[in-house]
Amino acid sequence: MGQRLSGSRSCLDVPGRLLPQPPPPPPAVRRKLALLFAMLCIWLYMFLYSCSGSCAAAPGLLLLGSGSRAALAPPALASGRDGPPSRLPFPAAPATQLAPGGETAEGAASQEEQSPEAPDSPSPISSFFSGSGSKQLPQAIIIGVKKGGTRALLEFLRVHPDVRAVGAEPHFFDRSYDKGLAWYRDLMPRTLEGQITMEKTPSYFVTREAPARISAMSKDTKLLVVVRDPVTRAVSDYTQTLSKRPDIPSFESLAFRNRTAGLVDRAWSAIQIGLYAEHLERWLRHFPARQLLFVSGERLVRDPAGELGRVQDFLGLKRIISDKHFYFNQTKGFPCLKKAEGSGRPHCLGKTKGRPHPEIDGQVLRRLRDFYRPFNRKFYQMTGHDFGWD
């Protein structure tokens, strides 16, 4: 009782190692922090993913209008200007709303229609990763033909994860060749290992200098040519010009130097482009036939998945694009993509595609078919494929 402590030390003199240490945070707290971090990462991913479908203003896809209520039922037949009805192998359109008052064949542009000639508008996610990869000169080019279906082919191909393509037409080998390959390469999107860089400019096929210029860039370039009945193509070409210049002369007066004598004016560009055999001869001087693939514009409408199968094989790609990617827009008479690149919504080519053609005198069309027949047959022989235009 009453004894004094020896040494008369105060509690302040006790060594620090003897003081009580603060306890480490319990494992439950660490687990909660890790869970909170994981939830934050998931939330950020979901936010970026949702933006890729709803915030991106313009996917680069091609096809044609969102479709009407009539497109909800699986179409049994596809009627087209290019030939008799054919059974469609792809499914019906996803549910979409018909614009008030309906759509004309020209069509008021639906909400997912974008200008097909506009440059790419990448989604937030693709922009986030845009620093990845490198820019390469194209390994494959869609070189023609105008009004054959080149835009459709490009946009269908862009669904493939191993295809990266510039949206706008570069026109390098016909208009801007003096700017050099470095300028041309800079126009291309970034690609990762195993991906293909592509572009399309339909005027290359009829440009005399283009074969030698592309061969000088790379003799291994793969070339795709979308061809279509040259008579229908000429009328479509005229229709496009007429929409921009309503005061131009009639199709008949432009197509013939002397209509009475039946002399076709092959100098008119709408006629001259359809002389496929003559243009092909220039390309075969610089490229072997195995490096050119001729895509049927008519089959691209009737059976897009089937024609895309051939294209994917030619490019050495895995067959990923199939029937499940398409639906048929009955208003326009064309297949559309269920989901465009960078978007979760259906997408079709803009209203400039699928315009109604003007009425052309039947005798004029027959005379043009007679004119093109020998050129078509030579083209069939050169390509080893009968496109059935005769």
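Glycine too: its Cβ is placed from the backbone N, Cα and C atoms.
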Check each of the ranges 1-24, 241-264 against TrEMBL and return the one annotated as region 'Disordered'. 1-24
Out of these binding-site residues, GLY149, PRO356, which one has the fewest other C-beta atoms within 10 Å of its own C-beta? PRO356
CYS336 (disulfide bond) has how many other Cβ neighbours within 10 Å of its own Cβ? 33
Reported as an integer number of Å, what is the Cα distance between ARG151 (3'-phosphoadenylyl sulfate binding site) and CYS336 (disulfide bond)? 12
Including all protein chains displayed, how many Cβ atoms other than that of LYS147 (active site, for sulfotransferase activity) lie within 10 Å of its Cβ? 24
